[in-house]
Every structure is written in C-alpha cells, then in structure tokens.
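Take a look at the structure below.
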Amino acid sequence: MISSAPLILLAAGGTGGHLFPAEALGVELIKRGYRVRLVTDARALKYSGLFTKDMIDVVPSETVRSRSPVALARTALLLGTGTLAAFNLMRRLKPAAVIGFGGYPTVPPLLAARLAGVPSLIHDANAVLGRANRFLSAHVKAIATSLPGVLDRDPALAGKTTTVGTPMRPAILEAAAVPYVAPETAGPLRLLVVGGSQGARVMSDIVPGAIERLEPALWSRLVLAQQVRQEDMARVRAVYDRLKINAELQPFFTDLPARLAANHLVISRSGAGTVAELAAIGRPSILVPLPGAIDQDQFANAGVLSDANAAIRIVQTAFTSDRLASEISSLAAEPTRLAAMAQAARAAGRLDAAERLADLVAKTAGL
C-alpha cells in the first residue's frame, strides 16, 4: 500500500465492544486501499488483532465516573488535554476522516477533528445512543447506527443517521458460516456462559446453582464452557466436579466466535457487540442485562433479540438459580424451539455492515 493513500482514523474506547467493530471496519478499509490508525486509550494496547502498536495513538482521556466537583474537574482537564494532543495528531497525520465507535476516549479525537476541519462521523452499536456518542452527535457530519429507529425521536439527528449494522470481525464471519444443529433429545447439550470482557460475578453466583437444580439426567448431557473470574474459579469448579459435569472454565475465551458457533445455547450479558454477534452467527441465548446503567442500554439491546423470539431476557433481580434451571430444562426438552430461536437470531443479524459503514466513511470524507 502506498503511503499517499487516504488515512482514516478509527477512534474507540479500549474495550472489546468498541474495538471489535473498529477492527472490522479497519479490515474493510484496508481492502479498499486506505490506510488506518487507531486512536484510543491505554487499555487497547493489551488487545491483539489488526492494530499493532505502531498503528495505535494513545491520547489522554477520562470516563465520567462521578458527579462530584473534583471528579468532574479532573475529567474536564484530562479531556481537554486529550483534545489538544489529538488536535496536534490531526495536524501531523492529516487524516481524510475520523470515525468514533463510542466510549469517552473518542471524545478528544472527534472534537479535535471538528476543530481541525476534518470530516467526522460516529457509529453506535447500542439500541440507545451511548453518552459519549450523544455528546458528539451534534459535532459530526454523519451518524451510523447498528439498529433502526435509534434516533427517530430526534429529528435534528435523524436526518444525518444511517442504519448499517455492526461491523463483524473476520472470525465472526467465519463462525456465521457454521449452521445451527439443534441437540438431539438424549444427546450432548452444549452450553456457553460468558460475562463480557471482564467476566461477570453474577454468572459464578447463579449458574452453578442452576446446574445443580437440573434433573440428574441432564448432568450427563451437559458440555459446559464458562467464563469465570480467577477469584471465583475454585468455588465454581467444586460444584461442577461434585456433579461430574463436563465443564471447561476459563477467565477469558480468546476463541469466542468459534465457541459461539459450537454451542447450542449461550447465557450472557447483553452488550451491543455480544447481541450483534449472537444475531450474526444465529445462536439462541438467555440474556441478563447489566443493571444500573443510566440509559439501560443492555436492557434495550437484549430486547432486540427477545422481541424477535431469539432470546430469553431476564433482568438481574429475577436471575435466580431456580429461574435459570427452569429455562434451561424447558429449552433442553424442546430442541425445535432452540432451532427456531437460532433461526430468528440469524434473521435479526446482518453480515454486510463493514461494507456499508466503509461506504458511509468514504462518502463523508468525499473520497
């Protein structure tokens, strides 16, 4: 690739939910002959993938974690410092466009793009626009959403909004090619339990008790893979060993796309990326939205699949071992229902989002 090719800066918060769509778009842009760089915070340096360290620019940023005057002043100072650093980055790199994928680390580069006169746009994968993207929405030329109707009630923003879907990494596209095969009535039942990039303690608290409450005939059928925090590993392992469950426990699954494709049922949080991947691959799920969020984005995300009869949504206050055991037992006894849920999930997904978003980036940049 020649160095004079247009450069697109991808700005993303340093977690998988923001980085993975950015990576997927980056792959598509490189295919089209563009150069790409990632602007993010220090957390992204630990993720492997498309972006090597020489393709990453780290700018100071801060997430709003508290409403106290001291915390807000610190956040404002760091975001201001980050915006100045990002502005200098714009002057040095001269990008053709900047696209943000959400998270407060995207605020400095997107504001700097506005100050430097660089065309910019944002992508939001949630059913409800995130706080950072909400703040930036008035400062960008275009908005891309994964889901339709996100900004229908905001005429000022709806006019510059395009629904494209969530860009999928190559590993997800490979997994999406694996057809869903429902479990046989007496055959293995493959169950995957995940809790986001940092794990979720509620899964360690609830799932083992639910497995214990299942009919003993189901214990021998289960092939369980569960993401478990290191500090919870011993107590969770003890339950499964006592029940003689075929269980694999890991703090983090590096091959999650393949695991999603290989399982009959997924129990998970409902981050935007997870929901989009479940839909793209077409797998039935039990979704437990993260409680306490200001905009209840995970509740809305889970609703996309539960309303389509592709998932069962359980709020955390109702997520008990008894309730989960009941849902697993019912699904295990109805393989045709699992197959229907998988088909409904696949119908809700889209695999061409990276191409559609790349088209929008090129249009916004005037390329």
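Along the chain as shown, residues are numbered 1 onward.
Placed from the backbone N, Cα and C atoms, the Cβ positions cover glycine too.
Database features (Swiss-Prot):
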{"type": "BINDING", "residues": "Thr15, Gly16, Gly17, Asn126, Arg169, Ser197, Gln298", "note": "UDP-N-acetyl-alpha-D-glucosamine binding site"}
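Projection of Swiss-Prot feature records onto the structure.
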residue: Thr15; record: UDP-N-acetyl-alpha-D-glucosamine binding site; DSSP (3 states): coil
residue: Asn126; record: UDP-N-acetyl-alpha-D-glucosamine binding site; DSSP (3 states): coil
residue: Arg169; record: UDP-N-acetyl-alpha-D-glucosamine binding site; DSSP (3 states): coil
residue: Gln298; record: UDP-N-acetyl-alpha-D-glucosamine binding site; DSSP (3 states): helix
Packing count at Gly17 (UDP-N-acetyl-alpha-D-glucosamine binding site) (other Cβ atoms within 10 Å of its Cβ): 22
Least Cβ-crowded entry, counting other Cβ within 10 Å, from the binding-site residues listed as Thr15, Asn126, Gln298: Thr15
Residues satisfying Cβ distance under 8 Å from Arg169 (UDP-N-acetyl-alpha-D-glucosamine binding site), sequence separation of at least 6: Phe20, Glu23, Ala24, Val27, Gly49, Pro257
Number of Cβ atoms other than its own within 10 Å, given for Gly16 (UDP-N-acetyl-alpha-D-glucosamine binding site): 21
